[in-house]
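Asker: My questions will all concern the structure given below.
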Amino acid sequence: MSTEAPKIVSASKRHPIVPLPAGQAYKYGTAGFRMKADLLEGVTFRVGLIAALRSRKLNSQAIGVMITASHNPAIDNGVKVVDPMGEMLEQDWEAYATLLVNAPTDDALLETYNKLATQLKIDLSTPAKVIYGRDTRPSGHKLVGALADALDATNTEAVDYKILTTPQLHYLTRCTNTEGTPSSYGKVSEVGYYEKMAEAFVRALKGRKIDGPLTVDCANGVGGPKLREFLKYVPKDKVKFDVKVVNDDVLRPEVLNLDCGADFVKTKQRAPPSPKPVIGARCCSLDGDADRLIYYWVDEKTGFFMLDGDRISSLAASFIADLVRAAGLEEDLRIGVVQTAYANGASTSYITQHLRLPVVCTPTGVKHLHHAACNFDVGVYFEANGHGTVLFSAEAIRTFGAKEPQSPAQKDALDTLAAVADLINQTVGDAISDMLLVEVILAHKSWTMRDWAVTYTDLPNRLVRVEVADKDLFRTTDAERRLSHPPGAQDEIDQCVKKYSSARAFARASGTENACRVYAEAATRVEADELANKVAQIVKNHGSGV
Ligand SMILES: CC(=O)N[C@H]1[C@@H](OP(=O)(O)O)O[C@H](CO)[C@@H](O)[C@@H]1O
Ligand SMILES: [Mg+2]
């Protein structure tokens, strides 16, 4: 048994776990543990124990813990663990975290903790390090207290970075673990993040002009103050970047993600009502922890037009593929795009047929996309909701610096590729970094929003949420595009889809909500709506809908 045993038990008594109703359990889901904040104190304490174990297991590398509930309402919160290179927690460990968090008593907790240590061959005397941050939710303060107690009880070195965006915490985790090595990711500080990004932004622009102001809706979350801080690092003499930061009130928690932010814009398919949108102005929205990004504008004639994750993905892929060609590297580097089944079919056709790049489809959840993107030298991945990034292999980055340019144009392309690789957060989707990338690309191409929008036309689509008695009846195959269970359901969907032109539809159980989701797209709005409703009805019938 560990020497910290009495400390763990007494600290755990100060942060008790709230028992859930019979038959329910806490679960490390797609984005860690996420729920009403008043259920989370004990959960967060226990996540601290898991983070300490994980650090010890990985030879004392620093592990990150982020306290956020992203685009959820202000009363929610969440806690998730970040692996050493800034990736999401390894999947096996999600199960260990779930096990530990659900221990019914303090003594059972200690027993599970020790069992895990034995089972995973963890030497509890190995030093451990955990770094953490939180978004602007008021409940974060108390949760950080519980986390700090767990780290103290397990003799874990802890660094409190206070309020951060989620991608900043991922950045800092990677920087901490690569500091002083040849693969150092950057200075280990929030300032280091701003400096790295601002420097890469100027370098990637290479004197190109950004056309007109950009309005950034920050969902009244942590992105607001952090974006304002970042802008101080952009040298005014080198770049004219006219950013209007709006919805950045972090002093009134009740307005967090309320009628604004990337999730609102994507799901409601309209601009935030406040501030009143300026006709023609280039706008974008971040979500509550600044890892999602959606662009849009309101056109004088045609009204609201949204450029979502699929659009950012195809824009980035086309730009990078052009640069790779201009640099004479098309034979050396494999570029690919990773999407989920929710990507609009028109974007997939555009990428495969027009850009002639391979597209891979994975299950929902960024960790799956990230993993698949690692198989390319340049892997572009985005969920349609605006969460994503571009991953460059170590070899690709080395090549950008090492290749001898044969012409000024080649040198220009190689320099831009190197700058873009520095600008894009390699650890996780980062709304601020992605926004700077989009601005760089539009400036390079001298494109307006309309130029970007006309690259392809989205198929009309509909997403429907269906409540069923037991969502676990619905099991999928083929990257969630087909149902294997319940028996017969997929056949009925297939029969339905056949009746429409350019149509596609699928159903799956949500990983974050107690419901199923149905997605349908077809040649016309009417057809897409009709198909979505019919498939929703099939799901209801099979799930004994409530
Ligand atoms: C259709 C949709 O947008 N699904 C979202 C949502 O997952 P569901 O499993 O569909 O509930 O939340 C995930 C976590 O934020 C995000 O990765 C995903 O894209
Ligand atoms: Mg988020």
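From the backbone N, Cα and C atoms, a Cβ is placed for every residue, glycine too.
Copying in the features that TrEMBL gives for the protein in this structure:
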- 58-93: domain 'Alpha-D-phosphohexomutase alpha/beta/alpha' (DOMAIN)
- S70, D287, D289, D291: Mg(2+) binding site (BINDING)
- S70: active site, phosphoserine intermediate (ACT_SITE)
- 110-179: domain 'Alpha-D-phosphohexomutase alpha/beta/alpha' (DOMAIN)
- 212-293: domain 'Phosphoacetylglucosamine mutase AMG1' (DOMAIN)
- 308-447: domain 'Phosphoacetylglucosamine mutase AMG1' (DOMAIN)
- E383, A384, N385, R508, A509, S510, G511, T512, R517: substrate binding site (BINDING)
- 463-537: domain 'Alpha-D-phosphohexomutase C-terminal' (DOMAIN)
Asker: Measuring Cα to Cα, how many Å separate A509 (substrate binding site) from D289 (Mg(2+) binding site)?
Answerer: 25
Asker: Can you tell me how far the Cα of G511 (substrate binding site) sits from the Cα of D287 (Mg(2+) binding site), in Å?
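Answerer: So the Cα of D287 (Mg(2+) binding site) lies 19 Å away from that of G511 (substrate binding site).
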Asker: Which has the fewest other Cβ atoms within 10 Å: S70, N385, the binding-site residues listed?
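Answerer: Each of the binding-site residues S70, N385 was scored by Cβ atoms within 10 Å; lowest is N385.
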Asker: Scan D291, E383, A509, G511 for binding-site residues whose C-beta lands under 6 Å from an atom of ligand 1 and note them, or write none.
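Answerer: E383, G511, in sequence order.
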Asker: With respect to ligand 2, which members of the binding-site residues E383, A509, G511 satisfy a Cβ distance under 6 angstroms to one of its atoms?
Answerer: none
Asker: Which residues, sitting 6 or more apart from D289 (Mg(2+) binding site) on the same chain, put a CB under 8 Å from its CB?
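Answerer: Sequence-distant Cβ neighbours: M66, T68, A69, S70, H71, D135, T165, T166, G221, V222, G223.
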Asker: Using Cβ atoms only, which residues of the same chain lie under 8 Å from E383 (substrate binding site) while being at least 6 residues apart in sequence?
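Answerer: E383 (substrate binding site) has long-range Cβ partners G309, Q339, T340, Y342, T364, V366, L369.
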Asker: Could you state the whole-number distance in Å separating the C-alpha atoms of R517 (substrate binding site) and D291 (Mg(2+) binding site)?
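Answerer: Roughly 22 Å, rounded to the nearest whole number.
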